[in-house]
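Let me begin by presenting the structure, written as structure tokens, before commenting on it.
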Amino acid sequence: MEKNERFKMHKVKKRWVTISVASATMLASALGASVASADTETVSEDSNQAVLTADQTTTNQDTEQTSVAATATSEQSASTDAATDQASATDQASAAEQTQGTTASTDTAAQTTTNANEAKWVPTENENQVFTDEMLAEAKNVATAESNSIPSDLAKMSNVKQVDGKYYYYDQDGNVKKNFAVSVGEKIYYFDETGAYKDTSKVEADKSGSDISKEETTFAANNRAYSTSAENFEAIDNYLTADSWYRPKSILKDGKTWTESSKDDFRPLLMAWWPDTETKRNYVNYMNKVVGIDKTYTAETSQADLTAAAELVQARIEQKITTEQNTKWLREAISAFVKTQPQWNGESEKPYDDHLQNGALKFDNQSDLTPDTQSNYRLLNRTPTNQTGSLDSRFTYNANDPLGGYELLLANDVDNSNPIVQAEQLNWLHYLLNFGTIYAKDADANFDSIRVDAVDNVDADLLQISSDYLKAAYGIDKNNKNANNHVSIVEAWSDNDTPYLHDDGDNLMNMDNKFRLSMLWSLAKPLDKRSGLNPLIHNSLVDREVDDREVETVPSYSFARAHDSEVQDLIRDIIKAEINPNAFGYSFTQDEIDQAFKIYNEDLKKTDKKYTHYNVPLSYTLLLTNKGSIPRVYYGDMFTDDGQYMANKTVNYDAIESLLKARMKYVAGGQAMQNYQIGNGEILTSVRYGKGALKQSDKGDATTRTSGVGVVMGNQPNFSLDGKVVALNMGAAHANQEYRALMVSTKDGVATYATDADASKAGLVKRTDENGYLYFLNDDLKGVANPQVSGFLQVWVPVGAADDQDIRVAASDTASTDGKSLHQDAAMDSRVMFEGFSNFQSFATKEEEYTNVVIANNVDKFVSWGITDFEMAPQYVSSTDGQFLDSVIQNGYAFTDRYDLGMSKANKYGTADQLVKAIKALHAKGLKVMADWVPDQMYTFPKQEVVTVTRTDKFGKPIAGSQINHSLYVTDTKSSGDDYQAKYGGAFLDELKEKYPELFTKKQISTGQAIDPSVKIKQWSAKYFNGSNILGRGADYVLSDQASNKYLNVSDDKLFLPKTLLGQVVESGIRFDGTGYVYNSSTTGEKVTDSFITEAGNLYYFGQDGYMVTGAQNIKGSNYYFLANGAALRNTVYTDAQGQNHYYGNDGKRYENGYQQFGNDSWRYFKNGVMALGLTTVDGHVQYFDKDGVQAKDKIIVTRDGKVRYFDQHNGNAVTNTFVADKTGHWYYLGKDGVAVTGAQTVGKQHLYFEANGQQVKGDFVTAKDGKLYFYDVDSGDMWTNTFIEDKAGNWFYLGKDGAAVTGAQTIKGQKLYFKANGQQVKGDIVKDADGKIRYYDAQTGEQVFNKSVSVNGKTYYFGSDGTAQTQANPKGQTFKDGSGVLRFYNLEGQYVSGSGWYETAEHEWVYVKSGKVLTGAQTIGNQRVYFKDNGHQVKGQLVTGNDGKLRYYDANSGDQAFNKSVTVNGKTYYFGSDGTAQTQANPKGQTFKDGSGVLRFYNLEGQYVSGSGWYKNAQGQWLYVKDGKVLTGLQTVGNQKVYFDKNGIQAKGKAVRTSDGKVRYFDENSGSMITNQWKFVYGQYYYFGSDGAAVYRGWN
């Protein structure tokens, strides 16, 4: 390199020397001083300025030895005086060229040297150099700055905007694009992680000269390691890390004097060596603040300047050590600095969101670098679905859970495929189940059973191992009694797990997760997200529509919530939404948790909940009354999840307690469930028939009659029966029996009734009918909304059960012969589990608050609830590493010593002694106690190891682009060796092998090998783990040489150290050598070739010739792109000149083909290096990728072609032939091509309509393309047909059989109507036909008017017999109706008649006008009884049937009504009596007739008139009753009977009749008596007839 230096004379100890001005200004820069210009400054003869030697030429060879504390170098310049440059090199240059050693000082005698090729050397005698205060004097600060220039064409780009002096690229939606490069012409513009344009045209190369200063040599000589012996280094497994310290040869005591180090004088490695220039600069800047130097260095600072600055920092460090008399502060400072560097923190471990703890690491099975951590096993994902390494053909493949689980769940993941580990798991299982015997020498304190945690995340071999132990130790396969005494359960979420366990013998019991999901979505979700109720019957391991089985197919336990299900998820959501939006996963602080629970607990008390579950009492009603599964009650549903143990009851406590107590007393027998639409919603019913009655028809015994339960519930708060009736068939055993309410929802919550008397007092007692039906009427079932219920709930039980009735069944000791251990029979159904803890309960503040103490004091309460199996919290002393929620809240699932059950100290739940007392107390009352077996993971161990790891997802699949790829990583995987693991690990294997030898010979499925007891694991280490979580230590925490990828190691056989630690001066960094840019290794100082180098956060590649490459490159089969400054594109989308997008990962490699994951469930797809955008067909499936290339999942997308599609939430495929709803509640139907249909569509049997945007029309009118109007149902969306409908404006329409609104004249159900062209019905208006005829349609009914006059808008029309109008202008001899509907008359002269009198009409008929009104109907005028038609015309010579139904006759001449005479009309003779009404004239036998007064009379079968009283049969054999000569009609009381006679006097029998009061009554088919207070099935419907005999129509069927 060329150098341009200016020299100046300085007086040093009375001798003049020449010093490079560049060197002086450099050190001045380091010191932050300000002095005059170097080439004009005058130095006095007496100046005592310190000599700051660097690449200098001295004019006096006898210059005294000078000690310095900083290095001075010169700035590179384009023009140079070659002679000066050469002169400045002097002996420093020659020293740099030496191959045998490095000179410690340029003006002293040669010291002992070290051959650079030798691996070891020994320390030499110390040279006690003295640094004076003068040597640290202030100097001049010279700084230069280079401004970035913005290309003119960049500023012209329409997408680029300038903001605050920086340029940003905006996408089509106005969002700033980050980590983005775009090709424009022949140029590439790069926008960094902030989105700002970054000039990448210049290489950031060091401008320093290659000469080495005396000070550099001095520091190198003294900072070298005391020796290469490992004892002089703080290493992990002999590997050096960023936190490593070492013993240097000398320390700069008090920052002044080099003094030989003692064995205790360790210093941070980073004080003397750095892996790259960027880290070195960051170190200097960071430590400057620590030691009080006010100076900041930038990327423009030269290596020489940084070296000088680092030396000054070292001097200040030593000064502070002298002052503080310790290095504690320095260790804290260095550790803190390390965490700021991306290669040593989580930045280089990204992505963060593919694992519960941000990310996973898989340990390499084979690695020469870490042979002690190797394994022959680590068979990942060997779940029940994939136990052999291939998918089990017995089970259903689920694309969303392909392996039925995954391996890397949390923390240090135990390798449960390792036979040695499998033996240790058996050892630990035995210890747990025999804890009382082993720890307290008291078998009564042993656990009875286990819960197996996280089954889908461990090797399924453990299920065989634990099952075989339970069979061997307890004989659970021998009989039900043994099995029920040791019911062990598993936490296994895959649908394949239960059939797997069943095929294996049902030795362990799994959860009914399907039923949990049914409760969640049918009941617990907010109203707008709830499903129907039908899944509660069918979506379960047990179909309960009719369950009359003695034994279910598979055993199971059921729950609504658990310690880690629907609790911590809700707390996470609250924290994310309301406390810390940057929170990720389950990494919370205790303070955040405390804040979240304040919101959570208040939300639980609200009617309209935002986070917590709705309808908890409804869920528990089903859990605790269902047949065929053991219910598990969760502690947090009865007591608050937070707070002291059992201190605070929830709002649902009373309801759950009531159900628990009722379960023991009533819940037994077969079960039937129904779900149907009724009223304005749907209901769910459930009936248990009682002990001894499996079927509805079973009569059972006395206990059957006093047991059983009926449930009615709904999930709609606005529910109403709307007059309908619900009938529960309680079973034949319960006919004609009283039932009473146990629990009823009210407007305020849930009311519970503990006794028959309580319910009776509340009026909540019902009686079944003779068929065992219990009926619920309109007022019984109403939806409510309160903090407990959003819907309705009623639970009913038989009256009369004894207070101490207990219907539970004991297990049989009869030998089991079906090859199964657990049987879900009545005895198993009698059990109730209690998950007796919450993750979030508070830490005890005093002894009596410890969980296990409280449990022991409350055993009687658990007994009163009917608890049979008490599931204890995991009793392990918790890790406190705070890496995951479990170790923050210390719930027992995060531990480092599995055998420490509160022996070393109290855990969250108490001490080991308190645990013993709790177990014994539970046992004393007959309860079984369950331990939590957690074989999946272990947390931060106290000792560290270096392990070869690869960054993977939770399945162990490598993460594309990760910097951690077969890399060394420091893990917390080694236990102390002096804990309870050391005491009990493997301790029981020999005993177990002797007692149960079959356990040690059975070959396990995943390995094909038996468990291996030969090695007793006394100390955990990495070789027993599959992997771990990322720990935030970064990709390069274990230090290495970038060029060679060799790790720094201090072992004898792998010794590799930076030459700096061997006393040599190393010049590193990117430099220009006159031909191109090269890189010198910070470790060896040598020029690198064929190597990737990370410098200043950028990735470079130096080719086979050692020169930096640019542009597109294919290196060892992978494609990269290097910008003009040599930096590779990383984590960047690059849009090329053709507009195609490419993605370069964290390792700089271009993603080539297939899917690549970005975040938890964010995917991109690539083909031949091109990133998919928009609609893309992948393997025959249409998928969509947004403008950033991210795959659409669970999204409705309007694609570029304007069509609407929905992409599946799991696989992202376009969904076909399916309905989907968006977040606003709009529905779409995706056709066979995946496109949302539009317009009129027939889907199944429904006729639907979809808008142009694909949204389904519901509850609205649609004008279709044919111009016709249609209406679609508000709920189903189905098209209405053959019905009237009113719009919001009050207009009526009629929708025809094709659904279209009819137009024009229509006859509908006998009515002549008219509809406008837009479908609106005409009412109260005239219509003119095309032929000019006018018609009028009534204002109320809309019916066409005939034979009447109507005034419309002041004009009078008369509408004749054909309904058409005749002009009425002063009509002569005509009647008409005025605007008020009053009939008026114009006389034959055309004059309006306003007075009174008789008038002849134009038809020569007569009308009578009274005060201007034309009379109609029966009238008395003078002495005449006359009758007028509706048009006012008098009736003459005609019969008239009056409104009373009676027949009258008016004389043909006078019009007088006929009285007491016979008249023949139309050939038929009538007799009109004294009242003027007609009577039949003969004396018929067995017939009724009306006399002249209208009184109904009767002639008996002999033809004799009946004048007395009594029952008589008529000619048709029907009965009637005559009282004092009159035939009775209507509702009558005869004797003690309430009977009914029709208008002809005929008695009603076996029929329902609507009586004169409008009510329907039913009369017995035999006696004819009116029935009361009972149900009757009539005409296909049920009616309930009350105490007055009146029916309440309910329509239940």
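Placement of Cβ uses the backbone N, Cα and C atoms for every residue, glycine included.
According to Swiss-Prot, the signal peptide annotation covers 1-38. Feature annotation from Swiss-Prot assigns region 'Disordered' to 52-120. Marked as compositional bias 'Low complexity' by Swiss-Prot: 53-114. Residues or ranges marked as repeat 'Cell wall-binding 2' by Swiss-Prot: 178-197. Under the heading region 'Catalytic', Swiss-Prot lists 200-1050. Annotation comment: Swiss-Prot describes 1099-1597 as region 'Glucan-binding'. Look at Swiss-Prot and you will find 1130-1150 tagged as repeat 'Cell wall-binding 5'. Positions annotated as repeat 'Cell wall-binding 6' by Swiss-Prot: 1152-1172. Among the features that Swiss-Prot reports, repeat 'Cell wall-binding 7' is placed at 1173-1191. The repeat 'Cell wall-binding 10' annotation in Swiss-Prot covers 1237-1256. Annotated repeat 'Cell wall-binding 12' per Swiss-Prot: 1281-1301, in sequence order. The repeat 'Cell wall-binding 13' feature in Swiss-Prot is assigned to 1302-1321. According to Swiss-Prot, the feature repeat 'Cell wall-binding 14' maps to 1323-1343. What Swiss-Prot lists as repeat 'Cell wall-binding 15' is 1344-1365. Residues or ranges marked as repeat 'Cell wall-binding 17' in Swiss-Prot: 1415-1434. For 1436-1457, the entry in Swiss-Prot reads repeat 'Cell wall-binding 18'. Sequence annotations record features per position, and here Swiss-Prot assigns repeat 'Cell wall-binding 23' to 1549-1570.
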Long-range Cβ contacts under 8 Å made by the repeat 'Cell wall-binding 15' (1344-1365), restricted to residues 6 or more beyond its ends, are 1312-1314, 1325-1326, 1333-1338, 1371, 1374-1379, 1383-1384, 1430-1431
May I ask you to check whether the repeat 'Cell wall-binding 7' (1173-1191) and the repeat 'Cell wall-binding 5' (1130-1150) make contact, with contact taken as at least three Cβ pairs under 8 Å and only pairs 6 or more apart in sequence counted?
yes
So what's near the repeat 'Cell wall-binding 6' (1152-1172) in sequence-distant terms, Cβ-Cβ under 8 Å and 6+ beyond its ends?
351, 353-354, 953, 959-961, 1119, 1133, 1140-1143, 1145, 1178, 1183, 1185, 1189-1191, 1193, 1212
Residues sitting near the repeat 'Cell wall-binding 2' (178-197): Cβ under 8 Å, six or more positions beyond its termini, same chain?
150-151, 153-154, 157, 160, 166-169, 1121, 1123-1124, 1129, 1131-1137
By DSSP, how many residues in the repeat 'Cell wall-binding 7' (1173-1191) are helix, how many strand, and how many coil?
0 helix, 11 strand, 8 coil
Near the repeat 'Cell wall-binding 5' (1130-1150), which same-chain residues lie under 8 Å Cβ to Cβ, leaving out any that are not at least 6 residues past its ends?
177, 179-185, 188, 190, 193, 350, 960-963, 965, 1092, 1099, 1118-1121, 1156, 1164, 1166, 1169-1171, 1173, 1188-1189
Return the average pLDDT for the repeat 'Cell wall-binding 6' (1152-1172) as a whole number.
89
For the repeat 'Cell wall-binding 5' (1130-1150), give the DSSP counts of helix residues, strand residues and coil residues.
0 helix, 9 strand, 12 coil
Report the DSSP secondary-structure composition of the repeat 'Cell wall-binding 17' (1415-1434) as helix, strand and coil residue counts.
0 helix, 11 strand, 9 coil
Grouping DSSP H, G, I as helix and E, B as strand, the residues of the repeat 'Cell wall-binding 15' (1344-1365) number 0 helix, 13 strand, 9 coil
